[in-house]
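Below is one structure, written out as structure tokens; the observations come after it.
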């Protein structure tokens, strides 16, 4: 009995320390009634009624619907229980517990009695979830702000008079769990319990604001399509599907090709990419287009005629004409959506390392596109390389090469190539020609410096790959003035031949390649910037003399022998070319500008380490 009295007195002192003096008398009366209930259990009824009334009076959040239902009854119920049991122990426990709950009420708390036993401050709102797997997270939008929470985590909002909330399903292990509420309004002092339950299917109809809906039209039945959403690719057949996401969705879809015997169906989306937000609808309409292939016999890749593509569509580009032929491919003028482009189709050769070259191109295509943004390089807009089609072509299926050739889409250069300018006798024989040549070589040297600093070797520098952005007509003086006053008019093209420094070389143009480049094709040695510097020197020599180098014949024979499959004889010709270079002294026109002569002599040397760098060439020509 004494211990009970001490406990009650201690509790009362704690309560008195936080109450005002006005309330002391009321509290003391409650304690007295509790003590009397220890001696006479019947007094428990009186004590219960008193404590209930006191709690209701002191609870600042009292309302008939909340306090009577949630807060008040516990005091009376426990105290009444002690009276019914008629035991002093239950009276002590009930009195202490009643006073503790009374203290919480006075401090501004509401007591919610249930299996969850929540106690919430009157100026707070609590959100909790039940029903999700332990590993799952959940989210709730409160006053337009998304809150991300762990499975067992509650959301407690303090000093919030009211909260407008919205709930969405949660996807766990490919299964949707839906909440029992969609939207609502909560007020301070409330506990909002959200119950999740699993459902079959995608519940986007009920929770429309939580999903982005994609609707696809125009495709044949059972035709799959691939859509990329936030970097993840999905292969689908459904014409209507929904994506659950809290964040914006960036989506992208490509055209679909269906091949027939002598034609190909192309289904092109009216919108290829976009950014959407949840609650939105994206409609993608595919338009059908049929390409009918020529029924003429398709030539073998060894005797390929690029003219077979003229008038046809390749990768959605209409081929207008063939504008260039080379040892490693064909260049065609193409059109798409009213704009002109150049398409280079790479040749496939059974006797060279074609697949390895295409592997490198596929791997480096994105980097080369970025590099081509330099104003002195012809821009690359895209590349199409499918190793399976190349293998089929090498195995004799030439239709694969006809329909899906390895191709690079490039900026179309209206002015043609530097090689075209050589045909103008009046220009070449004029006093302005050397200055035009100096200007061109300096710009290409700057382009090579840019590539070399970024770890790439071009490997195919020659007049045919030096382009003019605009057509230039007029007298030699006019041509020189236009070239010298128009930035970006002179560009180095065909970046598709470029590889990283040190990587294997699979191709070469003997007339412009140094001996060690052809040797590297045979032996597998890596590419070096000095190969480009030599090729630029040969280009300069060609522009000044209109002649090929004396020892080029050896390099041509070396490459021919390699193609025939006899590398040992090829190496003999390469060594003969190197010996000729040791004693080679370039014969230039007597009036050649000294700086141009220095570049020729400094680049056409047999030892790659002694050659001028592209940066050296720029300095010489700018000095």
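Each Cβ is built from the backbone N, Cα and C atoms, and glycine gets one as well.
Annotated transmembrane segment per Swiss-Prot: 13-33 (among others), in sequence order, evidence recorded as sequence analysis.
Residues or ranges marked as transmembrane segment by Swiss-Prot on the basis of sequence analysis: 49-69 (among others).
Annotation source Swiss-Prot lists domain 'Protein kinase' at 317-623, citing sequence analysis.
Counting only same-chain residues at least 6 apart in sequence, those with a Cβ under 8 Å from the Cβ of residue 323 (ATP binding site) are 331, 332, 333, 342, 416. According to Swiss-Prot, the ATP binding site annotation covers 323, 324, 325, 326, 327, 328, 329, 330, 331, 344.
Feature annotation from Swiss-Prot assigns active site, proton acceptor to 460; the stated evidence is sequence analysis. According to its DSSP assignment, residue 460 (active site, proton acceptor) is coil. Residues within less than 8 Å, Cβ to Cβ, of residue 460 (active site, proton acceptor) and separated from it by at least 6 positions along the same chain comprise 328, 494, 497, 507, 509, 512, 535.
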Where residue 323 (ATP binding site) falls in three-state DSSP terms: strand
Three-state secondary structure, residue 331 (ATP binding site) (per DSSP): strand
Local Cβ density at residue 325 (ATP binding site) - other Cβ atoms counted within 10 Å: 11
Count of other CB atoms lying within 10 Å of the CB belonging to residue 329 (ATP binding site): 23
